[in-house]
Amino acid sequence: MEKVLVFGHKNPDTDAICSAIAYAELKKELGMNAEPVRLGEISGETQFALDYFKVEGPRFVETVASEVDNVILVDHNERQQSANDIESVRVLEVIDHHRIANFETSDPIYYRCEPVGCTATILNKMYKENGVTIRKEVAGLMLSAIISDSLLFKSPTCTEQDVAAARELAEIAGVDADSYGLEMLKAGADLSGKTMEQLISLDAKEFQMGNAKVEIAQVNAVDTNDVLVHQAELEKVISAVVEEKGLDLFLFVVTDILTNDSVGLAIGKAANVVEKAYNVSLENNTATLKGVVSRKKQIVPVLTEAFQA
């Protein structure tokens, strides 16, 4: 039987990795030869979840066409966030919870996108719809994805469906969602030992906003100053990325997981758009973004609107 690769976006977060594993397992149960893979390094937060539930991480690939003809995308749809040669393969399915942009296919596909906080929430429904029992370990990973994407249910992207799914999955996994979740988020917020290059690419995504090419990277921290103490070095590596990729804006967002506020470091010729979007003034290229924790709901649409205004 021909193999199908299942993967999330580049610079994968916990949902991208865990939903690839969970959906590949569901597809295998339904008779498909599916293998989860990843398009980037595994973060400390995701590794914590994999270790806790004793699951091996997917192997790393940059290109897919040399291996397979067909792929399934989870947690993304935009071409620039996908495999480097995504144009050379057929996308069979997409399971996602983001905006739909820069995406088209030559054939009809199964496309499931719901306005929930996490791909794993959708997968929880799909397991039920197909009458497949979720293994304890996979339930733990799916729970981890929801906790990560919802910042332990505090993000404005979090819906009642996400909370309900998390409670169900926690029961299957045999953990307390709140205490496990805080432990996992703290593991993800431990940025010690990371290079500046790693920090700005841990969870980074590229977007086309009007005519502007924008990259938004986000890291969680227990104290934003632990990251911003390295601002000069961060600006140096970000400026290099801006030049290399021809970006109009690179916004590096440091989110405090305790206060649920963020600090944005804006580099590029369109940095002033951040000021316009949030009605703030950049001081030394940074601004506090009160109550902003979600790239999907509080950054991407706000910046897109500002660029198009």
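Glycine too: its Cβ is placed from the backbone N, Cα and C atoms.
Now, the feature entries from Swiss-Prot:
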- His9, Asp13, Asp75: Mn(2+) 1 binding site (BINDING)
- Asp15, Asp75, His97, Asp149: Mn(2+) 2 binding site (BINDING)
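Nearest neighbour of Asp149 (Mn(2+) 2 binding site) by Cα distance, taken over the binding-site residues His9, Asp13, Asp75: Asp13. Across the fold, the C-alpha of Asp13 (Mn(2+) 1 binding site) and the C-alpha of His97 (Mn(2+) 2 binding site) stand 14 Å from each other. Sequence-distant neighbours of His97 (Mn(2+) 2 binding site) (same chain, 6+ apart, CB under 8 A from its CB) are Asp75, Cys113, Glu114, Pro115, Val116, Gly117, Cys118, Thr119, Thr121, Ile122, Lys296. Distance from the CA of His9 (Mn(2+) 1 binding site) to the CA of Asp15 (Mn(2+) 2 binding site) is 10 Å. Reduced to three states, the DSSP call for Asp149 (Mn(2+) 2 binding site) is helix. For the binding-site residues listed here (Asp13, Asp75), the lowest count of other CB atoms within 10 A around the CB belongs to Asp13. For the binding-site residues shown (Asp15, Asp149), fewest C-beta neighbours within 10 angstroms: Asp149.
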